[in-house]
Ligand code: HEM
């Protein structure tokens, strides 16, 4: 007998989201590596980043990489944000849900029991994605404020001055790197999402995935 229950069609990331995501991800990695190169020339904390993790080889080249990647990231970011707002993707898929749903999904995630339906973002994902987008915006804004502290003096002032803006820039970078560790780990634990983000559809063999200790289905 056929079930009368309506099956919600699974959504897959649209080409605009996928293309801007991967261009943004690559340029973000280039910005992090080149940013570490620039940081090493004048560290503000008692450590330097290992040379193998930096991009550019020396300060001048690191700066060139940083600015080249910045334009790519900003272009991808504008298209992604514009599409996300105009297509309703943000409202539909990324709108933060209430604290109860976040608490429930967080508790399940900590017990490695958070179910993950391909094509549907759970409360923890929504929180992480919205958070990292805000952090990325703050990273770009604080970066602009230390790049053009005279022309964009008002922005530098808003961040509390050049030195504070630089520290905020480094702190935001650290949050993005922390996000990336969790994000990539989750993508590897639930490969169907990676498949969907690369190919635009989720493998039919894995309609529902659940992150569990020692097994990802
Ligand atoms: C470099 C390695 C990366 C990998 C392997 C990766 C993988 C993925 C995957 C698989 C998804 C889809 C998740 C799902 O369908 O459940 C996704 C979505 C997303 N990723 Fe990444 N990602 C990477 C880098 C980044 C970076 C650098 C950022 C931003 C700082 C980022 C931000 C996002 C956001 C905001 C979404 C949601 C996109 C949307 O639907 O609007 N990712 N990522």
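Using N, Cα and C of the backbone, Cβ positions are placed for all residues, glycine too.
According to TrEMBL, the domain 'Cytochrome b561 bacterial/Ni-hydrogenase' annotation covers 14-199.
Sequence annotations record features per position, and here TrEMBL assigns transmembrane segment to 21-39 (among others). For the transmembrane segment (21-39), same-chain residues at least 6 beyond its ends with a Cβ under 8 Å from one of its own Cβ atoms are 13, 48-49, 53-59, 61-63, 65-66, 68-70, 72-73, 76-77, 80, 136, 170, 173, 176-177, 197-198.
Here TrEMBL flags 63-86 (among others) as transmembrane segment. Sequence-distant contacts of the transmembrane segment (63-86) (same chain, six or more residues past either end, CB-CB distance under 8 Å): 14, 16-17, 20-21, 23-24, 26-28, 30-31, 33-35, 37-38, 55-56, 94, 133, 136, 140, 143.
According to TrEMBL, the feature transmembrane segment maps to 127-147 (among others).
The feature transmembrane segment is assigned by TrEMBL to 167-190 (among others).
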Task: Report, as numbers and ranges, which residues of the same chain sit near the transmembrane segment (167-190): CB under 8 Å and 6 or more residues beyond its ends.
output: 28, 32, 35, 39, 44-45, 116, 118, 128, 131-132, 135-136, 138-139, 142-143, 146, 159-160, 197, 209, 211, 216
